[in-house]
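Peer 1: The substrate binding site annotation in Swiss-Prot covers His153, Thr154, Lys302, Asn311, Arg320. The divalent metal cation binding site feature in Swiss-Prot is assigned to His189, His238, His294; the stated evidence is similarity to another entry.
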Amino acid sequence: MTDANQTRPKLAITMGDAAGIGPEISLRVWDSPEVQSQGYPLLFGDAAIYHRAAKKLGCDCPGTISLAEFLDMPKQSIPSDAPHGVIVDCGKLTTEELGSFTPGKFSAATGRASYQSVTDAIDAAVSGHVDAIVTGPIQKEAWHQAGIDFPGHTELLADRAGRAVQGEPADVRMMLASDTIACVLETIHIPLADVASQLNTESLVRTINLAGETVQRRNQNRGSLLPPRIAVCGLNPHAGENGLFSHQEEEQIILPAIEAARQSGWTIEGPLSPDTAFTPAMRERIDIYVCMYHDQGLIPLKALSFDDAVNVTLGLPIIRTSVDHGTAMDLAWQGKASINSMLAAIRWAVP
C-alpha cells in the first residue's frame, strides 16, 4: 500500500438495481483516470452481477472481497493487492434468482438486493470504513415489491443514519445540482396535494441554512470567498400575488423564513414567482434555489442539465451523492447509458 493510496478517500459506489444501468455505469467509471485521481472506488453490490455485466459489455472488472473481509480491514487501509478498486460483494441475489435474472426486468429480488447494498454502504460510512457514498439508480417499484417501506434513497438515508425518524419532519434535504443550476427541495416524495400542509417556517429556515452552507463550502473549496446568493421560490402562481392566488403561504410561512434566515447573514431573494425564477438572467445572479416541492426544482434542473446533474443529501452525518437519473431499463446492459451524472456525483462526493 502506497502513501498515495492512504490519502485517497474511499468511495462506496452502490450498484443500484441490477436490472438497470447501474452495474454498467459503475463498471465504466471505476478505473477511469478521473475517478482514480479523486478516490478509491469500492463497488458495493453483487459480484456475480458485476462480472456478468462486464462480460456482456466487454469491459474490465475489479477484484472482489466479501463485505465481512472489507469490514475486518483497518479503516484507513485499502486492499494492497487491488490498488485501483475492488468489488465489495453484498446485496446478493440467490442462485435461483440469478438463474432467472434478465437485464431490463426488475423484480422484488433486484429491489431487495439494491436495498441491501445501500444499507451496507450506509453502515460502512457511519462506522468510518468509507469516506462517502455514491448511489446508483434504484427502481422504487422494485423496493415496493420487496416490501420495503422507504420511498427512496433520501428517506432511507435519513432514517438509517440517525438523522430523522420516519413520519417526523426530516432533518435532511435533497439537493440537485450541476454546473448550471442548483436546487434544494423543501418537500420531496409526497403528493402535490399535500405540499402546502407540509410547509412550515422552522423547516424552511433549516433548508435555507443548509443551502447556504453547502454553496459556501463549495465556494471555499474552489478558493472563493464570495457569499452564496440564494433564491427562494414561492409556492403559488406569481408567488401568490399578495394572496390573490394563494392561501397566504408566502406571507405566513415563506416570508418569515426568509427574514429569519437573513438574520444569519445570508443574501436571499424571494419569494420569487416560480415561472420567472429560472430565466437566464435570474440564473446569472443566483447560486442556489430553494424550491417548495419536487417538480418545482427538478423540472428546470433536468431541462438544463439532464445528463450531468447530481443528487446530494444535505444534513446527513455522512457524505452521500447520487446520479440524477433513473434505472433506464430500456438501455440496461447495452453500453449506451451516459456516465456523466455518475462522474459528477463522484466529484461532489470527494471530501
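The backbone N, Cα and C atoms fix where each Cβ goes, and this holds for glycine too.
For each listed feature, how buried is it and what is near it?
Peer 2: Within the same chain, residues at least six positions away from Arg320 (substrate binding site) with a Cβ under 8 Å of its Cβ are Ala125, Ala132, Ile133, Val134, Thr135, His153, Leu157, Val312, Thr313, Ala349. DSSP gives Arg320 (substrate binding site) a strand state.
Cβ neighbours of His189 (divalent metal cation binding site) (same chain, under 8 Å, six or more residues apart in sequence): Pro151, Gly152, Thr154, Glu155, His294.
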Peer 1: For a quick check of understanding: among the binding-site residues His153, His238, His294, Lys302, which residue's Cβ has the most other Cβ atoms within 10 Å?
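Peer 2: Within the set of binding-site residues, the most crowded position is His153.
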